[in-house]
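Below is one structure, written out as structure tokens, with a few remarks after it.
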Amino acid sequence: MSSIIVTSASELNADQEDSVFVPLLSPPNSTSQVAIVGSNVCPIESLDYEIFENELFKQDWRSRGKMQIFQYTLMKWLLCFLIGLIVSLVGFCNNLAVENIAGIKFVVTSNMMLESRYGMAFLVFSVSNLILALFASMITAFIAPAAAGSGIPEVKAYLNGVDAPDIFSLRTLVVKIVGSISAVSSSLLVGKAGPMVHTGACIASLLGQGGSKKFGLTWNWLRFFKNDRDRRDLVTCGSAAGIAAAFHAPVGGVLFALEEMASWWRSALLWRSFFTTAVVAIVLRAFIDLCYSGKCGLFGTGGLIMYDVYSETISYDLMDVPAVLALGVIGGLLGSLHNFLLDKVLKIYNLINEKSVAYKICLAWLISIFTSCLLFGLPWLAKCQPCPADTSEACPTIGRSGNYKKFQCPADQFNDLASLIFNTNDDAIRNLFSKGTNDEFQYSSVLIFFVTCFFLSILSYGIVAPAGLFVPVIVTGASYGRFVGMLVGSKSNLNHGLYAVLGAASLLGGSMRMTVSLCVIILELTNNLLLLPLIMVVLLVSKTVADGFNGSIYDLIMKAKGFPYLETHAEPYMRQLSVGDVVRGPLQLFHGIEKVGNIVHVLRTTRHNGFPVIDEPPLSESPILFGIILRAHLVTLLKKRAFLFTPSLTGDTGGIDASIQFSAGDFAKRGSGNGDKIEDIVLTEEEMEMFIDLHPFTNASPYTVVETMSLAKALMLFREVGLRHLLVIPKLSGRSPVVGILTRHDFMAENILSLHPLLVRSRWKRLRFRFPSLRKLFWGTSASIKA
């Protein structure tokens with residue numbers, strides 16, 4: 001028997017990995033099979049979140065007793081506990097390392113400035129920053145390019161069903177941790193929250209892979225988690241733990257995973273993610289107590305302690321509302337501008353990074369030198385101020401964190417700009433959020449600091465190193481919020497520190513477009529529940545304003561990287577199309593009993609990952625669709641030599657018993673990049689003439705839709721169930737039992753509009769390009785993804 005080729009199938013484009021496309025250099029094309037993962041262009045695939053119900057799976061499921069079910073449930077909770085424990089330990093070590101490395105650097109530099117050795121102080125400061133930045137960039141570029149950036153776009157795409165190579169590998173995890181410490185310590189305006197989310201996801205994925213057969217680290221209990229669905233849940237818990245560890249915000253971490261990261265959510269996952277972040281909070285609390293006792297080194301209390309702006313007597317009235325609304329509007333405008341500029345800078349950086357690794361390193365070198373010059377040179381523009389008489393902390397502070405940096409000032413005076421700019425990001429935020437310091441900062445100093453942070457956060461993100469966006473956006477928003485508070489002055493009941501908190505919230509809302517999770521994270525950061533109504537207002541206003549211009553920063557980055565992300569809602573024009581309008585061919589089919597040589601030929605000449613299986617007479621009265629079989633399962637069958645001498649059903653004369661030769665574990669999902677390849681299978685000519693009975697290994701109950709179903713309804717089914725393949729069957733009998741296969745690339749706007757260009761010229765399309773806010777208003781989806 002031979003395989004059949006039928007026209008009208010999308011798999012030719014949807015599952016082939018050899019298409020040439022470089023995101024960020026040309027108009028984004030989400031129908032490609034490559035994307036920028038970290039800093040390199042890599043092939044990507046979709047994930048199988050659907051349970052593949054073949055006969056072996058059903059037999060394994062029926063054989064599970066109460067003990068196996070108990071093991072499965074217990075292991076879920078145990079893995080969540082381990083994720084929370086390990087992520088909290090990594091978060092603590094991350095903060096401790098950053099604070100001490102940066103602390104030593106600032107102490108040495110400040111001591112030289114006390115001796116009026118300003119040139120040597122700048123040399124030590126800039127060289128130490130350069131070494132740290134180059135170290136982070138080099139280990140990322142040479143060892144794990146997937147560790148570049150924040151990692152949140154990659155994790156978010158994974159939870160949507162997009163798999164990219166090495167994003168959760170062990171070397172990526174190590175480079176992410178070490179590189180983040182080095183990059184943040186180098187005084188680059190980058191954060192550690194995004195890398196912590198990626199770190200948590202890596203830890204969760206590695207724990208859920210079931211160990212390593214190569215190193216003899218396998219455990220029979222972990223076999224239950226060798227599938228994409230359970231790993232997806234673990235990665236969701238890991239991303240929530242990452243935010244909880246970065247900001248000491250357990251509830252905020254859960255809401256962040258729910259609102260921003262996860263594409264599928266259910267109550268059981270809510271409980272497990274909450275348990276994971278609770279473990280993080282408890283462990284971090286223990287280490288915070290340890291740091292309070294002075295056992296954490298030079299800057300031990302720096303990165304773990306919340307920005308406490310609690311006040312028992314916060315009062316505000318209608319007179320404060322206009323200023324708060326203005327903060328929200330400004331935050332929305334600045335957030336959308338920040339996203340626009342960052343998107344453009346990333347495109348320029350990619351032109352540089354694609355040339356060679358040397359260009360990547362040189363870019364990091366230039367950004368580090370430029371940053372060091374600004375951080376050391378700008379405080380000289382500020383005037384020295386006398387130390388306040390009623391301050392509760394030392395003034396001036398020399399070589400350590402504090403509100404009153406001495407820098408070049410004489411005794412009993414401090415440099416307010418140096419207190420912000422010549423400091424770690426955490427300490428700068430703490431100084432801006434501080435209460436009782438309304439007279440500490442000058443207008444010019446805060447304005448200079450805001451402009452510097454705004455542009456440095458954009459320029460620093462694109463280098464090849466682990467870099468987050470949360471903290472830079474917080475410090476930038478806090479600076480302009482503080483500036484607005486200074487302008488309002490005594491006309492408002494709120495102090496300048498509270499305006500800084502509201503400014504940070506507004507810029508976060510304008511850039512990242514989250515509301516509930518950001519609100520809770522900020523409340524947990526600042527320990528001030530009385531600010532809740534005002535934070536809610538600025539987040540809602542800033543998000544609404546920014547949505548009129550572009551999408552969230554993570555959505556823009558995913559789009560620029562080329563990840564085929566499926567949105568929650570269908571595009572309006574999808575209602576005008578049926579699934580039959582987008583499927584393309586040719587389509588590869590297999591018979592229920594197929595010749596080995598035909599299977600090998602198809603696998604070697606195509607990159608498809610799913611193949612429909614049909615039965616024809618004499619196995620059935622007429623051609624019918626039996627199910628779908630995966631590429632990985634076919635390779636396993638070839639590797640195991642599950643061959644028949646004659647084209648007969650399994651168990652007949654000359655056949656094999658599939659239940660004896662195979663188990664469900666033979667077809668379990670392996671770790672990323674560890675699957676067998678058809679190129680590694682060597683068969684003799686005699687074996688190529690033999691047959692395989694595909695029936696026991698085929699999913700006989702795949703999801704199918706008729707060719708007349710609207711594309712919008714098919715998208716909802718595809719996304720909500722978490723499918724990789726959606727079979728399209730004919731409306732009328734008498735034709736081939738299957739018309740084609742829909743994959744996620746068939747739902748991408750670029751693919752649809754390339755097939756139906758008249759849609760581009762429609763009036764709605766013109767309005768959608770000119771006024772993205774109309775789409776948000778009427779359809780409730782991101783304004784930039786499909787624009």
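From the backbone N, Cα and C atoms, a Cβ is placed for every residue, glycine too.
Listed features, source TrEMBL:
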DOMAIN    697-758  domain 'CBS'
TRANSMEM  74-98  transmembrane segment
TRANSMEM  118-144  transmembrane segment
TRANSMEM  234-258  transmembrane segment
TRANSMEM  264-284  transmembrane segment
TRANSMEM  322-342  transmembrane segment
TRANSMEM  363-382  transmembrane segment
TRANSMEM  446-476  transmembrane segment
TRANSMEM  497-523  transmembrane segment
TRANSMEM  529-549  transmembrane segment
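By number of Cβ pairs under 8 Å, the transmembrane segment (363-382) is matched best by 446-476 from the list 74-98, 234-258, 322-342, 446-476, 529-549.
Of the Cβ pairs linking the transmembrane segment (264-284) with the transmembrane segment (497-523) and spaced 6 or more residues apart, fewer than 3 are under 8 Å, so the two regions do not touch.
Look at the domain 'CBS' (697-758): DSSP puts its residues at 25 helix, 12 strand, 25 coil. Among residues of the same chain six or more beyond the transmembrane segment (322-342), those with a C-beta under 8 A of the stretch's C-beta atoms are 454, 457-458, 461-462, 473, 476-477, 480-481, 484, 488, 492, 499, 502-503, 505-512, 534, 537-546, 548-553, 556. Only residues 6 or more beyond the boundaries of the transmembrane segment (74-98), in the same chain, are considered here, and those with a CB under 8 A from a CB of the stretch are 177, 180-181, 184-185, 192, 196, 199-200, 203-204, 207-208, 221-222, 224-225, 230, 233-234, 237-238, 241-242, 244-246, 272-273, 275-280, 283-284, 287, 296-297, 300, 302-304, 424.
When pLDDT values are averaged over the domain 'CBS' (697-758), the model yields 88.
Remote same-chain residues near the transmembrane segment (529-549) are listed as 311, 314, 316, 320-321, 324-325, 327-329, 331-333, 335-336, 339-340, 498, 501-502, 505-511, 513-515, 518-519, 522-523, 771-773, 776, 783 (criterion: CB distance under 8 Å, separation of at least six residues from the stretch ends).
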